[in-house]
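Student: The region 'Disordered' annotation in TrEMBL covers 1-87. The annotation compositional bias 'Polar residues' is assigned in TrEMBL to 1-12. Annotated compositional bias 'Basic and acidic residues' per TrEMBL: 13-22, 30-69, in sequence order. Annotation source TrEMBL lists domain 'Tr-type G' at 202-439.
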């Protein structure tokens with residue numbers, strides 16, 4: 001089953017990539033008729049490369065019993081730096097060691113280019129660096145033989161640090177120390193960051209937080225975003241709850257949103273804490289989102305999801321509609337990976353979202369129980385179904401190096417934290433500070449496409465009217481833009497325009513692909529808008545709503561057989577609706593666990609706006625299936 005899931009996922013990747021490329025090619029052809037052939041060739045080449053890549057990824061062997069195997073496993077994962085950026089760093093350092101002012105100006109220009117190419121932030125390393133495979137496997141410096149870069153003395157390190165800080169300040173940026181190591185191989189890692197010109201351009205990382213009930217999700221988020229440690233009695237989570245029953249039971253039942261801002265200097269933006277045990281005071285001692293947005297050079301948005309089985313539908317919706325860059329799986333050290341945690345992990349793997357494991361409550365768990373939990377987590381991550389390489393983050397250096405590579409390299413960082421004593425929280429914050437921004441993922445979000453905005457929440461705000469919140473999947477949107485909103489229950493689209501926009505509760509005038517924004521709509525009634533609708537750019541060709549579509553599916557679990565007319569809840573982006581199977585191309589006409597087939601679906605209540613290449617997940621009770629849309633009927 002694990003092997004068929006993996007091969008099916010790489011097939012989904014290919015179909016998704018092929019359809020996206022096709023849609024982009026068609027759009028470019030519309031815009032520039034003459035260079036048709038060239039674009040097609042590029043698309044074909046890109047597709048071939050992608051196909052080859054996913055096959056290679058699939059065939060990488062998974063090892064790992066002892067430390068040397070761990071190193072081999074990590075080097076198989078390809079955890080090394082791209083050469084060109086390393087060469088650029090060495091060139092800059094040599095120019096700065098030169099006393100000539102002209103060399104210093106060249107170094108400054110190269111630094112500015114490095115930072116802007118990497119979306120406004122860059123990790124600059126000085127001194128000889130250990131190989132990532134050795135670092136992630138936890139080998140000590142004496143045992144590790146592979147070092148890259150040039151050895152520097154402590155005096156050279158200090159001089160270069162000072163010179164880089166000066167040059168980065170000249171271009172309006174800030175420098176902060178991420179790692180400083182003295183000893184046999186002295187080295188430093190610096191974070192160079194440019195403050196964004198305005199709130200609408202602040203990079204954002206979306207992280208979905210999942211795990212079993214009572215594993216400590218809301219408490220961990222409360223401590224990360226408020227800065228005050230927990231008292232062991234749930235003080236930290238009080239400020240996150242949205243409903244009265246959540247406060248009373250201490251359990252999340254809705255999709256909560258919290259944000260953590262990082263300043264240009266790389267420090268978390270936290271409120272001034274007043275020590276109080278009064279829940280009302282605790283709930284209000286937090287910074288407004290506007291204040292954080294204005295000060296921040298990067299924002300990490302946490303989607304706090306419910307752990308209880310009763311709210312699985314809500315958790316699934318948060319995972320599919322929020323387009324998270326990574327999933328943080330919270331595991332209580334005292335309980336282990338139990339109940340819904342495995343369900344949440346399997347959903348994250350099915351949706352191909354990178355996973356980060358965070359083991360909480362290490363202050364109150366006996367050592368033998370904690371060791372058992374760690375053993376269990378590692379075993380599950382290495383199992384054929386996951387095929388992840390676990391990496392324990394026990395130093396800032398590992399946190400810095402793994403933050404940018406873990407998603408691409410099938411690595412899974414494991415943090416061990418205590419929200420009461422604060423152990424391990426520093427490494428987790430360093431890691432979050434360096435995660436690549438969600439809108440930087442151009443494969444998922446294309447700015448050069450026509451506007452497509454999927455709606456995930458709807459409100460009615462007094463004196464403002466109908467407000468929709470969602471993610472810009474493609475193109476860009478500005479206040480005053482005329483857009484088409486739909487489809488309604490008959491599959492029609494109505495025209496409206498954008499009155500005003502907010503991002504993280506701060507007013508903005510524009511938003512680009514990959515960003516999450518709220519828009520106030522003109523002359524639209526609240527009861528005509530629902531989750532799963534889209535806003536698209538107004539054009540001659542009217543957008544089409546689909547009632548029936550075909551998809552390639554894999555049945556992950558079903559206790560008997562699936563037949564025609566079977567109904568299940570479909571999750572596809574922000575869409576959540578019941579579908580009915582109207583046809584399947586399986587020889588027996590029935591589907592069991594592990595079967596793959598081309599299946600035709602029909603939406604039960606109303607048509608939706610879907611596109612070829614979109615991923616889908618359907619479930620009903622314990623039945624689960626995964627797939628990709630291949631054809632609109």
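Backbone N, Cα and C atoms are what each Cβ position is placed from, and that goes for glycine too.
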Student: Mean pLDDT across the domain 'Tr-type G' (202-439), rounded to an integer, is what?
Tutor: 86
Student: Residue list, the compositional bias 'Polar residues' (1-12) vs rest of chain: Cβ under 8 Å, 6 or more residues beyond ends.
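Tutor: Residues 54-55, 57-58, 350, 352, 383-385, 387, 552, 554, 556, 593-594, 596, 615, 626-628.
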Student: Sort the residues of the compositional bias 'Basic and acidic residues' (13-22) into helix, strand and coil with DSSP and give the three counts.
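Tutor: Going through the compositional bias 'Basic and acidic residues' (13-22) residue by residue, I get 10 helix, 0 strand, 0 coil.
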